[in-house]
Amino acid sequence: MAAGVAAWLPFARAAAIGWMPVASTPMPIPPQDKRKAQDGLIILNVSGTKFQTWRTTLERYPDTLLGSTERDFFFHEETSEYFFDRDPDIFRHILNFYRTGKLHYPRQECISAYDEELAFFGIIPEIIGDCCYEEYKDRRRENAERLQDDEEMDMNNDVTPVNLTFREYLWRAFENPHTSTLALVFYYVTGFFIAISVMANVVETVPCGTLPNRSKEMSCGDRYALAFFCLDTACVMIFTVEYLLRLIAAPSRCKFMKSVMSVIDVVAIMPYYIGLVMTDNDQVSGAFVTLRVFRVFRIFKFSRHSAGLRILGYTLKSCASELGFLLFSLTMAIIIFATVMFYAEKGSTATKFTSIPAAFWYTIVTMTTLGYGDMVPKTIVGKVFGSICSLSGVLVIALPVPVIVSNFSRIYHQSQRAEKRRAQRKTRLARIRAAKIRGTNAYMRYKQNGLLIDALEEVAGQALVGKAASPPFESQHHHLLHCLEKTTNHEFVDEQTFQANCMEISVVNKSGSRTSSLSSSPHGLSSCCSRRHRKKSSFSLPSTNNQELSTIQIRERPVSNSRSSLNAKLDKTMPLKCDEAYISPSMVRLSAPVATSSDDTSTATTTYSQSNIVRVSAL
Amino acid sequence: LSMVRHQPEGLDQLQAQTQFTRKELQSLYRGFKNECPSGLVDEETFKTIYSQFFPQGDATTYAHFLFNAFDMDRNGSIRFEDFVLGLSVLLRGSVTEKLRWAFNLYDINKDGYITKEEMLAIMTSIYDMMGRYTLPSVRDDSPFEHVEKFFQKMDRNRDGVVTIDEFIETCQRDENIMASMQLFENVI
């Protein structure tokens with residue numbers, strides 16, 4: 001509160017002597033300042049950049065890191081300074097906050113980096129000064145939107161279309177045409193037919209030359225009535241089928257029927273059916289003709305095909321208030337000027353300004369600078385007001401337009417950014433995956449090196465340390481993973497090995513003629529294997545890692561006859577030529593999946609721990 | 001924001017004129033300069049700063065009187081020398097000097113006499129700082145009654161004004177007042 005003017009507190013207290021002679025009651029005892037530490041300098045070393053400030057400056061805000069005893073944790077004895085391993089550029093702003101009481105947000109800094117620093121030093125961002133608060137909030141909002149988009153995309157695209165019902169599958173095909181070729185074909189076909197239908201409506205009205213027995217020129221629609229009718233029927237059939245399919249597939253039918261696109265669909269095909277019903281009734285043929293106008297709404301169906309159209313529609317919706325203002329001010333101006341023009345032109349003879357509503361037309365045409373010239377003022381007063389009208393028209397219309405344009409631009413750029421992120425997602429995921437595989441391989445090598453050394457020490461008593469030592473962090477990490485393995489009595493393997501083993505076990509499971517130590521839980525296995533099937537990945541041979549291991553382990557192939565018996569019972573043709581290295585009896589190898597397939601890991605490990613398969617060499 | 005800038009006299013001179021040590025003067029000047037980079041405090045800034053310490057009420061009137069008490073040469077702005085001299089009296093001066101300073105504060109027109117009107121103005125401004133939410137609530141005549149009590153105590157010869165001698169004498173006889181004068185010794 002008064003921390004900004006903390007330097008003046010001694011003054012305020014001293015001036016309180018002025019109250020003493022008039023005080024009604026005795027004064028309270030002043031607080032004892034136990035920490036009467038002299039105002040000393042504190043050195044703050046932030047990643048090498050030294051900042052210095054008075055101790056009292058920092059202690060103005062005692063609930064932050066620097067202002068409280070929490071900073072003692074960062075005190076570096078040898079240099080008797082406080083060392084922080086943080087970003088010095090952002091720290092500058094944080095220190096300025098202590099000095100001036102105002103927190104500023106630098107525009108060039110990343111918002112998440114800044115937020116992290118604030119959180120570290122215990123400063124709440126709400127106290128950012130007014131000068132920088134808008135910018136900060138905007139950046140924060142953008143960041144949050146980006147994160148939300150990412151999450152949504154994750155949720156959308158990670159769900160592999162496996163166990164979806166036919167209905168869900170259909171809906172998904174409609175909404176995202178690029179998911180399957182059939183959906184794509186459907187998408188383009190409907191687009192084509194929309195175009196055909198609209199063009200037919202247009203060409204229908206073009207004059208097509210005269211028939212020999214008629215003097216009047218006929219439109220193409222009348223001349224080739226049957227052809228156009230067939231075309232129209234075909235298009236409407238396609239649209240109807242599409243609409244019905246969408247209706248069936250929609251997860252929430254009521255919501256679907258209320259949506260804009262569905263309304264457009266209905267309006268596009270209704271005239272045809274109504275026309276079918278009432279063709280022979282002359283009385284309502286006028287109404288029928290009107291209905292045909294609604295066929296033009298088919299062109300709006302294109303908005304499913306074009307993102308730009310959707311953005312335009314969305315822009316208009318979001319600028320509703322600006323548009324409303326435009327409309328309102330235009331109406332006001334029209335009424336005012338029409339009235340004025342009417343009364344100005346009332347006197348002149350044979351004037352076209354017969355009434356105020358008639359003058360509306362003149363006003364609108366003038367204000368939008370069209371100037372058809374069908375209604376023109378003749379009196380001088382009329383001309384004067386007419387010119388004022390046209391000048392003001394330019395102004396009134398030009399004002400809200402930039403707002404609408406900027407809205408459109410903002411939304412359009414947002415959608416472009418979303419597209420770009422989607423495109424970058426694939427490379428990003430590939431990178432993450434590659435990193436995981438690297439980690440797994442490194443761990444395998446570590447284990448292999450360890451075992452190699454153990455085995456060879458027994459054999460030759462010499463250490464085979466040919467490789468460069470891995471950095472201490474890595475070796476400690478690998479040791480940790482190894483300890484976990486020993487704890488749970490399972491092993492980490494990579495994805496390929498896991499799948500291969502899974503296949504093995506499914507084979508084994510089917511045969512059922514294994515040793516009694518096979519206490520597998522079938523359904524867990526089948527789930528894991530079926531999951532693998534669902535992934536549609538090919539059955540790969542075990543990776544080279546295992547084969548390297550096989551050099552030191554006893555490698556035994558299963559006895560051929562049992563293998564052949566398995567073959568006989570198999571109904572799936574699986575490549576069984578995996579050169580599996582079977583484990584020596586002393587070391588039980590249990591396959592547990594590594595965290596490469598993140599979505600399957602947890603369930604797979606549990607199934608495996610339940611299954612507790614012990615594969616021993618075939619005997 | 002005026003373009004006028006003022007630099008104070010040297011540290012040695014100020015040290016000679018006041019009772020502060022060098023370090024104290026340095027600390028005081030740093031705080032002063034932080035709030036008033038131009039080296040001068042005008043009345044508006046002074047009121048703003050002082051009001052921050054009393055957020056519940058309205059401290060502007062009292063700040064006005066206080067400003068006049070510090071601004072000894074009446075030029076509308078307080079320089080660092082005025083500031084420091086005033087503080088020197090308040091924190092390091094003798095009791096008589098402090099009492100003299102208080103008298104100077106109450107004597108609005110600086111004519112050497114405190115009238116009832118002046119005292120009432122001072123008292124109202126002090127009660128204004130309390131604000132509306134007090135217990136018991138400040139009645140409209142609370143300042144007036146307070147002034148009456150003050151005059152009864154201070155005005156010896158019942159002539160309606162309080163002179164400097166009456167004031168000092170009465171205060172020196174009152175133990176409470178004498179004790180409270182020593183209260184803020186250790187502020188700096």
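We number each residue from 1, going along the chain as drawn.
The backbone N, Cα and C atoms fix where each Cβ goes, glycine too.
If you look up TrEMBL, you'll see A:1-16 marked as signal peptide. Summarising the annotation, TrEMBL assigns domain 'BTB' to A:40-139. Summarising the annotation, TrEMBL assigns transmembrane segment to A:182-203, A:223-244, A:256-274, A:323-344, A:356-373, A:385-412.
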Helix, strand and coil counts within the domain 'BTB' (A:40-139) (DSSP): 46 helix, 20 strand, 34 coil
Criterion met for the transmembrane segment (A:385-412) and the transmembrane segment (A:182-203) (at least three Cβ pairs under 8 Å): no
Tertiary contacts of the transmembrane segment (A:356-373), as residues 6+ beyond its ends and Cβ separation under 8 Å: 330, 333-335, 337-339, 341-342, 345, 386, 389-390, 392-394, 396-397
Beyond the flanks of the transmembrane segment (A:323-344) by 6 or more, those residues with Cβ under 8 Å of it: 316, 353, 355-360, 362-364, 366-367, 377, 379, 381-382, 385-386, 388-389, 392-393, 396-397, 399-400, 404
For the domain 'BTB' (A:40-139), the mean pLDDT of the predicted model: 89
